[in-house]
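The following features are taken from Swiss-Prot:
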- 1-56: region 'Disordered' (REGION)
- 1-12: compositional bias 'Basic residues' (COMPBIAS)
- 13-31: compositional bias 'Basic and acidic residues' (COMPBIAS)
- 32-47: compositional bias 'Basic residues' (COMPBIAS)
- 87-109: zinc finger (ZN_FING)
- 115-137: zinc finger (ZN_FING)
- 143-165: zinc finger (ZN_FING)
- 171-193: zinc finger (ZN_FING)
Amino acid sequence: MEKPATRKKKSQAPKEEAGAQKATVKGEKTSKGKKATKKPRKPRRPRKEPVLSPEDEAHIFDAFDASFKDDFEGVPVFVPFQRKKPYECGECGRIFKHKTDHIRHQRVHTGEKPFKCDQCGKTFRHSSDVTKHQRIHTGEKPFKCGECGKAFNCGSNLLKHQKTHTGEKPYGCEECGKSFAYSSCLIRHRKRHPRKKH
């Protein structure tokens, strides 16, 4: 039985020539007399630092105390690039990063409620509010407490409920020190304190 013919390995010389061809500039002839086709690499441009407005610089330096600021007067400060928030509400001056958030906010001032519940006709400013509302009609309660199993139609109601298990009472009365799990309970409690006359 004959052994199959094996290929001879190419010598290193042609590879070196190929490498030499790549290094030549377009239009110049290679060692074989052919024109080079690869363009030389352009040097990378230095990265531009963001240009800060005088207001931005003042805002940055306000964070330092006056003596520290004097030490660095005229020294450029690098601040990571932050996208401006170009959408400002004409009514209240509130600024938004995204156009869609600005449009949604405008409905607060116009009173527009373009989203309607199919079952009862109630209208809402946001589509997500309709989705939450429709759970009243369907009886869906997708938010379940891991401790006791009680279910809720709204995630915020589950968070409020979980405070009954943790004992968390973050809302404290400044007058008597009594604490409450819910802000509404604190507001109700404050009404029981006699008002101070100034």
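For all residues, glycine too, the Cβ spot is worked out from N, Cα and C.
These numbers come from a predicted model, not from an experiment.
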## Note on the structure
If one takes Cβ-Cβ under 8 Å and requires six or more residues beyond its ends, the residues near the zinc finger (115-137) are 104, 107-108, 153-154
### Task
Over the span of the zinc finger (171-193), count residues by DSSP class, listing helix, strand and coil in order.
8 helix, 4 strand, 11 coil
### Chain residues outside the zinc finger (171-193) and at least six past its termini with a C-beta under 8 angstroms from it
160, 163-164
### Summary
Secondary structure split (DSSP) over the zinc finger (87-109) reads 11 helix, 4 strand, 8 coil
### Query
Mean pLDDT, the zinc finger (143-165)?
91
### Query
Could you count the residues of the zinc finger (143-165) that DSSP puts in helix, in strand and in coil?
11 helix, 4 strand, 8 coil
